[in-house]
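Student: Below is the structure I would like to discuss, written out as structure tokens.
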């Protein structure tokens, strides 16, 4: 079973898109005997000590970054204009606590200003605010104070200020950035679970940067690893808050989600068939999802080179793209188990399914 401290450290680490360095530091502290390499886009690659270049490769993907903001300007009142890095809704931002990194690497707390009802126009009262109305307030009263006293400049990254918590009564995790630090932890734990196995494939971890701003890191990791198969791990949005049980496809506490389709890809049915068989033999609860929208790094990975069959496994997480998310530690452990056991079930006949010569 995973040490909860790994997930805690990954969740607490700040890592807006393009600023994933502190998340990488956490991974390096917990990678064990895995070899690590980083590229210029801040993608991180994890290789087992028994890597054999002659074998086909399975890439385990997750993205390092979390939704955040970047300072776009500083006004004369000492308020910071903010530009989204990833998708936010204004009502999940206003009046919430964030932290911004200054030029010395220190983090300064701030609140995104919430216009009080006294100053709302009739139109704003009826329709709400927009992201253009949001500014970060660090308690300064001038532009000079922001820059000289606090050391904050245009281009500084901003992330939610949240501390991880774990309730051992029901194995529930509460924290930020489960999208996709749960995936990062799953990559690490799956690699460790397989490090002493004699497999017909290599298993390589690829922790991608900048997923939240357009799947950018995975475009590069797929080229570099050039895998024959891939598993994408996600902290997938739980829909049990928004849908009745009979329509829910990502219920927290009911096992990992296998994604069949979203706006970025359609799953490979042979991969799903194997995962289904493993879930039954290992008594792992699973959920199946067909998504109209959304997307993962699978959208880029499955189109690499001559095509890559991808299996997307999600840990259901309530309240994605907000400050605070709930997720089940048991769901996480089942996700790692499903991935590891599915890889152990791969043989040459399974690999032969994906490239057939009809001549």
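Placement of Cβ uses the backbone N, Cα and C atoms for every residue, glycine included.
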Student: Among 21, 25, 179, which residue does TrEMBL annotate as binding Zn(2+) 1 at the site that also has 63, 234?
Tutor: 179
Student: Where TrEMBL shows 179, 321 binding Zn(2+) 2, which of 145, 212, 292, 355 is named for the same site?
Tutor: 212
Student: Which ones, of the recorded positions 63, 179, 211, 234, have a Cα no more than 10 Å from the Cα of residue 321 (Zn(2+) 2 binding site)?
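Tutor: Checking Cα-Cα distances against residue 321 (Zn(2+) 2 binding site), the recorded positions within 10 Å turn out to be 179.
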Student: How big is the Cα-to-Cα gap, in Å, between residue 212 (Zn(2+) 2 binding site) and residue 234 (Zn(2+) 1 binding site)?
Tutor: 12
Student: Which entry in the list of recorded positions, 179, 211, 212, 234, has its Cβ near the fewest other Cβ atoms, using 10 Å as the limit?
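Tutor: Fewest other Cβ atoms within 10 Å, among the recorded positions 179, 211, 212, 234, is found for 212.
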Student: Centre the Cβ atoms of 63, 179, 234, go out 8 Å, and tell me which other residues of that chain have a Cβ in range of the Zn(2+) 1 site.
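Tutor: Surrounding the site, in chain order, are 62, 180, 182, 183, 211, 233, 235, 236, 296, 297.
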Student: For the Zn(2+) 2 site (179, 212, 321), what does the 8 A shell look like? I mean other same-chain residues with CB within 8 A of the CB centroid.
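Tutor: Nearby residues not in the site list: 66, 67, 86, 87, 177, 180, 320.
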Student: Highest CB neighbour count within 10 A among the binding-site residues 63, 321?
Tutor: 63
Student: Roughly how many Å separate the Cα of residue 211 (active site, proton acceptor) from that of residue 179 (Zn(2+) 1 binding site), to the nearest whole number?
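Tutor: So the alpha carbons of residue 211 (active site, proton acceptor) and residue 179 (Zn(2+) 1 binding site) sit roughly 10 Å from each other.
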